[in-house]
Amino acid sequence: MARRAAAPAGPLGDDFSFVSPLVKYVLFFFNLLFWMISMVMVAVGVYARLLKHAEAAMACLAVDPAILLIMVGVLTFLITFCGCIGSLRENICLLQTFSVCLTIVFLLQLAAGVLGFVFSDKARGKVSEIINGAIVHYRDDLDLQNLIDFGQKEASGDCCGGVSYKDWSQNMYFNCTAANPSRERCSVPFSCCLHDANQTVINTMCGHGMQARGYLEASAFIYTNGCIDKLVNWIHSNLFLLGGITLGLALPQLVGIILAQLLINQIRDQIKLQFYNQQHQADPWY
């Protein structure tokens, strides 16, 4: 009677699998989606990079949006490649690599958020440094120029420069010294200008000579406040929105980590089952 009770162990080993097809293919398609997105990011970044003049492109690699897009795309491609192939082939090594990399990225994002909140003054100084570097290379990179113009007109809420509109004197074309031969001397970009709802044609020369004017006089034509203060005030006013965006970015990462660990445990259980069956194939009750 004892042997008959143990008899179902044989059929269970032959037909049963611990690996859930649902977990396996959800993780596969999850990674496949982000894998394709990463390839699009890399393609767009490379295309934007190749369109630029070689000398101008080499002048500001640190602030080039195309380079940033390529780097993020390549990193995403490598991580999702491990998750995609690892889930499809049930490869524990690739799945562990995917899980560890995704965990590191998640922890780095969390640490950056915490450090940025705790050391807000230093974070402000770093942001100011980045903005000043972008101002210096404004005319060197068309993508960077469009990004700054968008930030001054739309994203930061109508502002000009880092701390004030006179920060544009750091740019060699807008520099306000008498020795500057540029036609744009003492000017600011047109994105600093006040908006006129009735204006149908944009006056790109509206910021001409504004740095030579005082704050009150210049404020009648351009935005004189810097973008850093605008950005800080916007962050303080939209903490719940930023929290929601952060959660939206973190949630797919947490889902990927949980699914990967779940699949790894299922694959290990399946390996143990196969090993057990191989050891007991000669048993009379198998």
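Every residue gets a Cβ built from N, Cα and C, even glycine.
A quick note: this is a predicted structure, and the numbers were derived from the prediction, not measured.
Per TrEMBL, the features are as follows:
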type     : residues      : note
DISULFID : Cys159-Cys192 : disulfide bond
DISULFID : Cys160-Cys176 : disulfide bond
TRANSMEM : 25-48         : transmembrane segment
TRANSMEM : 60-88         : transmembrane segment
TRANSMEM : 94-119        : transmembrane segment
TRANSMEM : 239-264       : transmembrane segment
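Sequence-distant neighbours of the transmembrane segment (25-48) (same chain, 6+ residues past either end, Cβ-Cβ under 8 Å): 65-70, 72-74, 76-77, 80-81, 83-84, 87-88, 98, 143, 252, 255-256, 259-260, 263. For Cys192 (disulfide bond), the number of other Cβ atoms no farther than 10 Å from its own Cβ, over all displayed protein chains, is 25. Neighbour counts were taken as the number of other C-beta atoms within 10 angstroms of each residue's C-beta; across the disulfide-bonded residues Cys159, Cys160, Cys176, the minimum falls on Cys176. Geometry remark: Cys192 (disulfide bond) versus Cys176 (disulfide bond), CA distance 16 Å.
Of the recorded residues, Cys159 (disulfide bond) and Cys176 (disulfide bond) place their C-alpha atoms 19 Å from one another.
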